[in-house]
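Database features, via Swiss-Prot:
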{"type": "TRANSMEM", "residues": "14-34", "note": "transmembrane segment"}
{"type": "TRANSMEM", "residues": "57-77", "note": "transmembrane segment"}
{"type": "TRANSMEM", "residues": "90-110", "note": "transmembrane segment"}
{"type": "TRANSMEM", "residues": "117-137", "note": "transmembrane segment"}
{"type": "TRANSMEM", "residues": "174-194", "note": "transmembrane segment"}
{"type": "TRANSMEM", "residues": "200-220", "note": "transmembrane segment"}
{"type": "TRANSMEM", "residues": "238-258", "note": "transmembrane segment"}
């Protein structure tokens, strides 16, 4: 059995002000995304955005992630609780962010920003997609430090006892998601971007691979107590929300493949 490290969720306290690791992980992901996107804007001739515009894009994306992630969590996962405890909606440091809500928020942010600068929405998504897994991985580390979103009870050597998960060892599903949704997904997308490839290949890969990784990792993650298993006595809310991403990613990849076969797909 693995040992849970018991990291203090508060990274730094200045008088009454507490700075949580959870928030720092989001800031780290946003900063890394800004840095790499700015770098790519300088070296990629097809970039739909100028280096000096990356800061504004980062601001739009950060708002989309925070607002969309929080609103998505409230709507998708715990609406009755927040309906009766509305003040808790603003306690982001206690956790409670939805990737799928954040993804919708980012799509809205992309649409608004693309319209502002006169860029193509899909080109912008293709350009930014390779750096998104960094933020996803950082967020999962924040979940792990918070001791939340732990996995199912297990007798596997990979199990560990979480402070809020009861006395039995559980899968560290946050670390599984960090590895597959963060490290592996970033590595695959970044390697694909090194060489010329069909336009929108990376966008399709991101949506398809993230959806698959999340769907699989959900089998190790403890279902949300307010929902449990929704369909077939095994399908969770996270899996249901991942299916549209898998399907849309597959549609994009098939379209790219067909255009490539017909030599109608531009390489970038």
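Glycine residues also receive a Cβ, built from the backbone N, Cα and C atoms like all the rest.
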Tertiary contacts of the transmembrane segment (14-34), as residues 6+ beyond its ends and Cβ separation under 8 Å: 7-8, 54-55, 58, 61-62, 65-66, 92-93, 95, 128, 131-132, 134-139, 141-143, 145-146
Recorded stretch that, among 57-77, 117-137, 174-194, 200-220, 238-258, has the most CB pairs under 8 Å to the transmembrane segment (90-110): 57-77
Same-chain residues near the transmembrane segment (57-77), Cβ under 8 Å, at least 6 residues beyond its ends: 26, 30, 33-34, 37, 49, 89, 92, 96-110, 112-113, 124, 128, 135, 224, 226-227, 237, 241
